[in-house]
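Participant: Before I ask anything, here is the structure I am working with.
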Number of protein chains: 2
Amino acid sequence: MNISSPPPERLVHVPLGERAYDILIGPGLIGRAGGEITARLKGRRAAIVTDAHVAPIYLEALMDSLQTDGIEAVSLTLPAGEKTKSLEHLATVTDMVLSARIERNDAVIALGGGVIGDLAGFAAGIVRRGVRFVQIPTSLLAQVDSSVGGKTGINTRHGKNLLGVFHQPDLVLADTSALDTLSEREFRAGYAEVAKYGLIDKPDFFSWLEKNWREVFAGGAARAEAIAVSCQAKSDVVVEDERETGRRALLNLGHTFGHALEAATEYDSRRLVHGEGVAIGMVLAHQFSARLNLASPDEAQRVEAHLKTVGLPTSMNEIPGALPPTEKLLEAIAQDKKVKSGKLTFILTHGIGQAFVADDVPSSEVLGFLEEKRPK
Amino acid sequence: MNISSPPPERLVHVPLGERAYDILIGPGLIGRAGGEITARLKGRRAAIVTDAHVAPIYLEALMDSLQTDGIEAVSLTLPAGEKTKSLEHLATVTDMVLSARIERNDAVIALGGGVIGDLAGFAAGIVRRGVRFVQIPTSLLAQVDSSVGGKTGINTRHGKNLLGVFHQPDLVLADTSALDTLSEREFRAGYAEVAKYGLIDKPDFFSWLEKNWREVFAGGAARAEAIAVSCQAKSDVVVEDERETGRRALLNLGHTFGHALEAATEYDSRRLVHGEGVAIGMVLAHQFSARLNLASPDEAQRVEAHLKTVGLPTSMNEIPGALPPTEKLLEAIAQDKKVKSGKLTFILTHGIGQAFVADDVPSSEVLGFLEEKRPK
């Protein structure tokens, strides 16, 4: 028994029956991934999928750890960025996984951010109709969002995440030390999703963030705490509604507007990254709710103030470059997959921590609101 | 209420909880598909996937029926044949489904044999992480095999069905009149799977087939009966083991050898079609079981005799053209996805109706057996 390795700081168990799994949250997890994996998975082969940003920093440590624990691993390093979530790269990944003779009890390991997790998870979900999947998210966004819930996917010319499967991971290793190498901008973008959990149904957590956000950014116990609360919050929703037929839609708070803005900026990360789109989207969702007399304008202002304080964009005016006409923005919203029989579905709110699903929002209201809020 | 349409001759309900669905078996179902679909699905859009053999015969009738019942449908006709189960065609299908703005409650409809069902089902399983799926199998093989169980998939250069998902249909319409346009050879190939259900665990059904096979081939009540018993048999196994972790492997009786022979003949349907591979494979499985002293050689002879009587091939000698070296056949077996940690898994038998999963078969035994049975 190896008594020298410290216990992980936090563990969130996602109780999905036979698809239940653990999320370990703490520093140094990449360096002991092998032991954590062999303790839980039967197979002794692994195919690692990573990207050109992450590989130089963490791939060697991960492969060393796997080798030490007797796991035979191969790796594939893909270009970093949203464009990698394509059918072409999915074909490359599945071919590599099959070449490595990964069987059902072996694992595909995603080492990277959300793009790598979504792509590798999709591959793990379809090779042999499902092999084991281990997530090692290296961005804050991936640790608090895509590491829980089993959504995988790629983009198509029709939109984002339009092809994918639900495939739960068997283990998530959220190495908090990996976040030290993120840029400020990346960390902030992930923080938008952390704040989202407070805005959905945890007003006390949002208040805590208002007071403690500096410590979360600095690292240490507050960071691990914020990640654990976020994973637990997402887990609670996912367990209740694994296939997104109801309550899980709440997790899309800020995302309907956000996805439309990402599409409008052609997924150009120089202009807007996902978390920034979500930040603007959450402010818009609160403002739109106020406009519809569902919530007080004060709540929208409080959300805007906090996100602005941490350095996130909070309005469309802050997006560099021109946006397409308002009708085009509405079209992007309508093509978003949260559409039912042509009606627009939005996550709206009665105030901080009181989000709800509204599935019959008139598009004329949306159009008028966007017209008012967009850069003139 | 439309009282003029006759009730379906048979209904098999597959009780998979929230994924439960009905299989209707009877003549003329394609012509009233619209009514059956609107009675069960909420969406009013459909994307039909079919092939160049089936489209000229049934597509118009299907589209008319959908239109009559208010379903807006588009169709995509692909080349017929196993080669269509490719990643390239999957891309074409998903693009067409997304262009048609199929949402989660709308349907992808597979009109065709197993190839179309597997491909369209895979697309239905991954577009928006799963949209509704209706199967209209037009071959006997598809009606008794792929219409039950939710397996979908495509082939890769590494082998058959190596990419796919489990995605249950929401409705299966097994139109028995569609089988009248099958060639004798195609019908026989499907019959191999019908016989398989007897061989797995229904010795009485196998005896019934020995007596009544001519009526099954002729059509009418015996045919519907054989299809219904087959669908019920497969449903019983699938319900017990939806994700193929145990008992469901029994359905692979004859398939490990069969798949290897299909690979060895490069999926060239002029040399061997799937059902013929399964027929030879089932005979081999019984002979191999006898060789391992697990079953009496008389049982193997009885299986061989019946399959020969209906006109199916029962030995490797009947496959036109040269087969690769025995080592290559073994390799094809080892790459088959029913491999666990490098050991060979076979479905063997103690006799007719007494199949079981053997997951530790020494490859040397297989090699010796194949060497003996292969054409000299």
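Including glycine, each Cβ sits where the backbone N, Cα and C put it.
Pulled the feature table from TrEMBL, pasting it below:
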BINDING   B:G114, B:V115, B:I116, B:G117, B:D118, B:T138, B:S139, B:K151, B:K160  NAD(+) binding site
BINDING   B:E193, B:H255, B:H274  Zn(2+) binding site
DOMAIN    B:76-188  domain '3-dehydroquinate synthase N-terminal'
DOMAIN    B:190-339  domain '3-dehydroquinate synthase C-terminal'
Participant: DSSP helix, strand and coil counts for the domain '3-dehydroquinate synthase N-terminal' (B:76-188)?
Facilitator: 47 helix, 31 strand, 35 coil
Participant: Tell me, roughly as an integer, the mean pLDDT over the domain '3-dehydroquinate synthase C-terminal' (B:190-339).
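Facilitator: On average, pLDDT over the domain '3-dehydroquinate synthase C-terminal' (B:190-339) sits at 92.
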Participant: For the Zn(2+) site given as B:E193, B:H255, B:H274, which other residues of the same chain have their Cβ within 8 Å of the site's Cβ centre?
Facilitator: B:L141, B:D145, B:A192, B:K196, B:G254, B:G258, B:G275, B:G277, B:V278, B:G281
Participant: Of B:G114, B:I116, B:K160, the binding-site residues given in the record, which has the fewest other CB atoms within 10 A of its CB?
Facilitator: B:K160
Participant: Including all protein chains displayed, how many Cβ atoms other than that of B:H274 (Zn(2+) binding site) lie within 10 Å of its Cβ?
Facilitator: 26
Participant: Which of the three DSSP-derived classes (helix, strand, coil) applies to B:H255 (Zn(2+) binding site)?
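Facilitator: DSSP assigns B:H255 (Zn(2+) binding site) to helix.
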Participant: Is it possible to get the count of other C-beta atoms within 10 angstroms of the C-beta of B:S139 (NAD(+) binding site)?
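Facilitator: Result for B:S139 (NAD(+) binding site): 26 neighbouring Cβ atoms inside 10 Å.
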Participant: If I restrict to non-local contacts, at least six residues apart, and a C-beta distance under 8 angstroms, what lies near B:E193 (Zn(2+) binding site) in its own chain?
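Facilitator: Set apart from B:E193 (Zn(2+) binding site) by at least 6 residues yet with Cβ under 8 Å, we have B:L140, B:L141, B:V144, B:D145, B:S230, B:G275, B:V278.
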Participant: Per DSSP, how many helix, strand and coil residues does the domain '3-dehydroquinate synthase C-terminal' (B:190-339) have?
Facilitator: 108 helix, 1 strand, 41 coil
